[in-house]
Amino acid sequence: MSIVIGLTGGIATGKSTVAKMFDEEDIPVIDTDKIARDVVDKGKPAYEKIVHHFSDDILLCTGHINRKKLGKIVFKDREERETLNDIVHPEVRRVVEKQIRRNTLLDEDIIVVDVPLLFESGFDELVDYTLVVFTDTTTQLERLMSRDSIKKEDAEKRINSQMSIKEKIVMADYKIDNSMSILETKRQFKQIHNKLKKLCGDES
């Protein structure tokens, strides 16, 4: 029996680090960020809807969507962000469901779906258990400013555009605190991985 894990976190809390740990254990990780990039590519289903709503001002000279420009629009405007999500999420969900079915047919014990907006987008309905990766607020802010080379004010806006990490922690079945060292994160990951293996009937 396959079990499906929904992996989420706040922006810059280290979700990708934990996703890589699953990958290193040969556990399939369905990356919804990658899928979201694919479904809005030129000629794909969501592309025309996005251009129709936001106008061709968001396009590069190649005709592809200028993700940076579109990102600035939706981070500033909640309604526009919700409109974009309403266009993209159904397309992403369709691909995710297909990949879950494929991995289940391959008899994978554990399947991970990496979803930044797991609860907000309703993708938690597709999984058996949820895992949230979090840090303290100061660490999250510092990491985001460093990673994206942005000012504190812009970093705070991005963080506040998502569901609070405290809410996600309350809703999640499993939690990993990524505020400390990578070794500590790995220790927590191993504990959860062992629990998941037991749920699959693997006592090794």
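Heads up, the Cβ atoms here are built off N, Cα and C, so glycines get one too.
Worth saying up front: this structure is predicted, and the values here are computed from it rather than measured.
Quick look at what TrEMBL annotates:
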type	residues	note
BINDING	ALA12, THR13, GLY14, LYS15, SER16, THR17	ATP binding site
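What TrEMBL annotates, mapped onto the structure for a quick look.
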| residue | record | contacts (Cβ under 8 Å, 6+ apart) |
| --- | --- | --- |
| ALA12 | ATP binding site | THR135, GLN140, ARG143, LEU144, ARG147 |
| THR13 | ATP binding site | VAL133, PHE134, THR135, GLN140, ARG143, ILE165, ASN178 |
| GLY14 | ATP binding site | VAL133, THR135, ARG143, ILE176, ASN178, THR185 |
| LYS15 | ATP binding site | LEU7, THR8, GLY9, ASP114, PRO116, VAL133 |
| SER16 | ATP binding site | ASP114 |
| THR17 | ATP binding site | VAL133, ASN178, ILE182, THR185 |
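Taking the centre of the Cβ atoms of ALA12, THR13, GLY14, LYS15, SER16, THR17 as the ATP site, the nearby residues of that chain (Cβ within 8 Å, site residues left out) are GLY9, VAL18, VAL133, ASN178. Following the DSSP three-state reduction, the secondary structure of SER16 (ATP binding site) is helix.
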